[in-house]
Amino acid sequence: MSGTKLEDSPPCRNWSSAPELNETQEPFLNPTDYDDEEFLRYLWREYLHPKEYEWVLIAGYIIVFVVALVGNVLVCVAVWKNHHMRTVTNYFIVNLSLADVLVTITCLPATLVVDITETWFFGQSLCKVIPYLQTVSVSVSVLTLSCIALDRWYAICHPLMFKSTAKRARNSIVIIWIVSCIIMIPQAIVMECSTMLPGLANKTTLFTVCDERWGGEIYPKMYHICFFLVTYMAPLCLMVLAYLQIFRKLWCRQIPGTSSVVQRKWKPLQPASQPRGPGQQTKSRISAVAAEIKQIRARRKTARMLMVVLLVFAICYLPISILNVLKRVFGMFTHTEDRETVYAWFTFSHWLVYANSAANPIIYNFLSGKFREEFKAAFSCCCLGVHHRQEDRLTRGRTSTESRKSLTTQISNFDNVSKLSEQVVLTSISTLPAANGAGPLQNW
């Protein structure tokens, strides 16, 4: 749900590319004026070595990477291991997590390197692949959130018009990926590597950028306007309308498909107006009302969680979407003098895109009791697994020691028993009476 693209968005291109490098070109117009050692020191100091605030950025990216990867994998595992969690909504949530894992693994590291060094180091092939995967994951996320909103809208506002099933959800997920892979093919076609300072191409790969190359000025403007509308503005407006109606149904009105308003159901259950018939009828009515209240509360919790997911998604992708339109459509930031401010805005916007991937599992943990229980169980298993392994080693050590002691004791006892047996036998023999003048040994 974002007008974010890789080449423009965090992931895979130098947001400060050409216009911002104009200020740095002057020292390199005559590179022969500098020896190689001085030149490399300058590049290291100005472009490669992270500045103080960039160390903060690196720490932020590392935190997001770990949380996004671990959290989204746990979401997938939780739904896979528990059949009771394999609902239509959870299937879509798993698909959203898979898209987040994809963008975290493939695009986040490249984005961090580009934001710090302002250079594309990964070659022509990855210049096409990584931005393409970024836009595919964005499209998958948008379409998945749209399907979730549509599914909830039908289930709550029009339950008799369409029945959602797990099979339909799986088919929808397959269609989402196919459509996303097809409509983002132009992104891979137009991405090309180029150097901003051709005179330095033989000395360093710095100032190499991965950017779009169009045949005319009108095409990128049309493309980015359509991209913004299709992947951000239009889906966002439709989802907001859907959730507004869901909110009205769940919090302000009766859910269609139920027998009557809950408050009305309680009237015949009051002591003064209870029927004098069998008590079983009253119990069944109470059970029906309790089940309906439970259903309403469950739907409210789910709707609340999904609204928060949508809100966070919209906030995280809004800055990069606006900056992308301003840059690509209106040509802003081309000759800016305040390069540091522009760089900071783009860098922060890139980080927000990835922070959204880390935020979703946190939202599930706080707003979904089932996911929270599964996350706790997963962490408990990890902690208990380490604890059990330590206990097993200690137990094996104690068992081995006790076994040796037991074996020694048994051998010692066996020797003692043997000696005692010999004494008993000899004593018994010595006390036997002599027969016919024969001694005891003869009788034996």
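Backbone N, Cα and C define each Cβ position, glycine as well.
Not measured: the values here are computed from a predicted model.
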Do Swiss-Prot's topology records have L43 and S380 sharing one side of the membrane?
no
Of the residues N22, N416, which is given the N-linked glycosylation site tag by Swiss-Prot?
N22
So which of N95, N202 shows up as N-linked glycosylation site in Swiss-Prot?
N202
Say which of C127, C147, C157, C252 is recorded by Swiss-Prot as the disulfide partner for C210.
C127
If I count Cβ-Cβ pairs under 8 A between the transmembrane segment (171-191) and each of 89-110, 223-243, 343-366, which range comes out on top?
89-110
Using a Cβ cut-off of under 8 Å, list the residues of the same chain at least 6 residues beyond the topological domain 'Cytoplasmic' (76-88) that approach it.
94, 97-98, 101, 151, 164-166, 168-169, 370-371, 374-375, 378
Could you give me the DSSP helix, strand and coil counts for the topological domain 'Extracellular' (111-127)?
12 helix, 0 strand, 5 coil
